[in-house]
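> Got a structure for you, questions after.
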Amino acid sequence: MSHFQYQNGALHAERVSLSAIAAQFGSPTYVYSKAALLENFGAYADACQGRDALVCYAMKANSNLAILDLLARAGAGFDIVSGGELLRVIAAGGDPGKTIFSGVGKTVEEMRLALEKNILCFNVESIPELHRLNEVAGSMGKRAPVSLRVNPNVDAKTHPYIATGLKANKFGVAFDDALETYRSAAALPHLDVVGIDCHIGSQLLDDAPLLEALDKLIELIDTLADEGIHLHHLDIGGGLGVNYGAEGDQPPVPVGDYLGRLFARIDAWRADRHGGQPIKVIFEPGRSIVADTGVLLTRIEFLKPGVEKNFAIVDAAMNDLMRPTLYQAWMGVQPVVPREGDKLTYDVVGPVCESGDWLARERDLAVAPGDLLAIMTAGAYGMTMASNYNTRGRAAEVMVDGDRVHLIRQREHPADLFALESMLK
Ligand code: LLP
């Protein structure tokens, strides 16, 4: 059940009306539901019950400390892509020992920090990266745990900007080069080869490509074992999609169904080839944990009838929520207090000086200036992708827990935005 529902004529987050939140905290504001967050993580945790499995939340989707703290307490590990994200994990009380480090461009400083903090594993994406990591670990008198991100060349059938498992992508080691790359890694003295990982893309609605990728990883793990390279974990990445609610959209496969099928496949393989000995399984979900836990609350400043189109100009913009303009993503728009009356078709746009500054197109709405709108399913890749373009402070973030509202990030003010700048002396 969604934790954003209409009650007494107004859209609520759990038991708090979004109107009350706008009155207290202003707009634009990201509003999250704690119950939704724990429910989404719980779907993964339940499916992993009793198994050697770790859910490493891909925090690029939403890295607010309050969210990390709640997930860490629920048992999550983390998938990070920068030293900054590792510092966030630590600041939120997360466990570096349950943290994996993805990304194609890890710097020496980031590697050093991650080794100092004893992270669980580096997901390495290239041979030069293996050599750099080997050197950094050697200089610290340590051995770095590594997994290779293998590119299974599976078509994830998603938007090209978020498909990552094809040969033409910058990510991972090509499947055909994987064996050779593993041999190189195993020969380096300061690396411990412990795992294999992949991530084929994001917003996948069907688990068939994920299971296809799993089969490729399984094949490789067996080939490596025949060579004496024994892996301790298998990391299938993230990627499971969510329902953004556009008409005719296919609903995503439920988390439990996908994990059930995946574990069944793994169990059959282990029984067949490895005497039933289990292998640790890691997941890196981002969107499916946070997307439907958040909305972006925004107020209509003006209604502007146009020659060809009507515009609802709101106080949120592309700098607050990049997904529509960057991926032509469809996001749901709901009036916080619906009104009677005829609907008109609007493009919902922000005040930024770009034609690409739109949040939703051609929506039928009965609205008036001053009305609040909620941009739905905005908890993933919303705030984390926000910028300060046009010297716009980033939105406030609040989290609702039952009938309580917690401010989890203050709104930025213009002075914050230029505080680090200086003029020539
Ligand atoms: N692991 C790796 C290595 C990744 O690159 C990603 C996402 C994830 C896990 C988490 O994937 P998820 O479960 O969230 O699909 N900004 C885009 C999505 C970019 C995804 C980048 N990588 C969007 O707003 O649609």
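The backbone N, Cα and C atoms fix where each Cβ goes, and this holds for glycine too.
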> For the substrate site, TrEMBL lists R287, R323, Y327, E354; sort out which one of Y346, Y381 goes with them.
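Same substrate site in TrEMBL: Y381.
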> Which candidate from G239, G332, G341 does TrEMBL annotate alongside E284, P285, G286, R287, Y381 at the pyridoxal 5'-phosphate binding site?
G239
> How many Å separate the Cα atoms of R323 (substrate binding site) and Y381 (pyridoxal 5'-phosphate binding site)?
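Approximately 7 Å lies between the Cα of R323 (substrate binding site) and that of Y381 (pyridoxal 5'-phosphate binding site).
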> Can you tell me the CA-to-CA distance separating Y327 (substrate binding site) and Y381 (pyridoxal 5'-phosphate binding site), as a whole number of Å?
12
> Please go through the binding-site residues E284, R323, E354 one by one and keep those whose C-beta falls under 6 A from any atom of ligand 1; give the result in sequence order.
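What lies within reach of ligand 1, judged by Cβ under 6 Å, is E284, R323.
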> Roughly how many angstrom lie between the C-alpha atoms of G286 (pyridoxal 5'-phosphate binding site) and K60 (N6-(pyridoxal phosphate)lysine)?
7
> Determine, to the nearest whole angstrom, how far the Cα atom of E354 (substrate binding site) is from the Cα atom of Y381 (pyridoxal 5'-phosphate binding site).
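Cα-Cα distance, E354 (substrate binding site) to Y381 (pyridoxal 5'-phosphate binding site): 20 Å.
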> Name the residues of the same chain, 6+ apart in sequence, whose Cβ is under 8 Å from the Cβ of K60 (N6-(pyridoxal phosphate)lysine)?
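Result: D79, V81, E85, G286, Y381, T384.
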> Would you please pick out, from the binding-site residues E284, E354, the one with the fewest other Cβ atoms within 10 Å of its Cβ?
E354
